[in-house]
Ligand code: P6P
């Protein structure tokens, strides 16, 4: 353990200083991942400003296009996508990007870049016009192909266990960036007047259990018997139902207070609605680093093999005991139905 580990960095440390000090914990670190994290934070500051102004200038509302998901693209979706791609391209560390807003991979031209980024630039964007918290979710992988060439599909379709970093930005009552590089989870709160993120939630550990379940019960007619049984269990245990309809907001609350978020298979979304590469895997990395659990109801999220960049998967994520309880109910349905 070097001297830095002994000195847990104090609340109020800037994100820049935190990244630099943590890099010193890795003697062979060359600073590229540190720079990449800074690039993401810079784009987040710019997007934060656009979001905060969106009510005042005409950039809220639908863009008139539909993204690869067939969802109405909101103007801020497009702006956020442009901002993050530009920051990652200009930063030079990323060779290829997977974005929820783009059907094809984005080659940045940085053929010497060692990293791949999978990103949902603005998740929950349907909530923009009603001033509900929204978020950015990102995963970072090291490329497996040699530098000097464009990133390949093999670089992009890695399992979540290969992530070198993951994080999210929540644009809420305050804006926060929460991320992990595999050594715990830390949260930084943005001070707009200073233009800085400051360490506010060091070494986040999620409660092993909780009394909150987050699922859209409007889809309950198409829940499996095991899923329906788990929801009944939660009601009989007098848990609170909390569903904001914005993944990052629901996840963040449950991470700090305990609880489970579920997007199960439904008749409308037989594989669930959420995307493995830039929604489920990054949050799974974070929750595991915070002592929680994430699966598709049976298999650990980060071990799911991505069939394509925009593959969907069911998501059961949050406090370890609640995820395991939900998995028990699903396992029982297999026994009953087999
Ligand atoms: P539903 C937002 O579109 C999103 O991707 C997540 O942020 C959110 O949790 C989920 O979809 C809401 O989906 O089908 O419950 O409206």
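Using N, Cα and C of the backbone, Cβ positions are placed for all residues, glycine too.
Sequence annotations record features per position, and here TrEMBL assigns Mg(2+) 1 binding site to 100, 120, 122. DSSP gives residue 122 (Mg(2+) 1 binding site) a strand state.
Taken from TrEMBL, the feature Mg(2+) 2 binding site applies to 120, 123, 279. Sequence-distant neighbours of residue 123 (Mg(2+) 2 binding site) (same chain, 6+ residues apart, CB-CB distance under 8 A): 100, 134, 135, 136, 137, 246, 247, 248, 279.
Annotated substrate binding site per TrEMBL: 123, 124, 125, 126, 216, 243, 273, in sequence order.
Residues or ranges marked as domain 'Fructose-1-6-bisphosphatase class I N-terminal' in TrEMBL: 14-202. On the 0 to 100 pLDDT scale, the domain 'Fructose-1-6-bisphosphatase class I N-terminal' (14-202) averages 92 in the predicted structure.
Look at TrEMBL and you will find 207-330 tagged as domain 'Fructose-1-6-bisphosphatase class 1 C-terminal'.
Burial estimate for the binding-site residues (125, 126, 216): highest at 125, by number of other CB atoms within 10 Å. Cα distances from residue 122 (Mg(2+) 1 binding site) to the binding-site residues 216, 243, 273 are smallest for 273.
Other residues of the same chain near the Mg(2+) 2 site, with their Cβ within 8 Å of the Cβ centroid of 120, 123, 279, are 100, 124, 135, 136, 137, 247, 248, 274, 275, 278. Checking the binding-site residues 100, 120, 124, 125, 243, 279 against ligand 1, the ones whose Cβ sits under 6 Å from it are 124.
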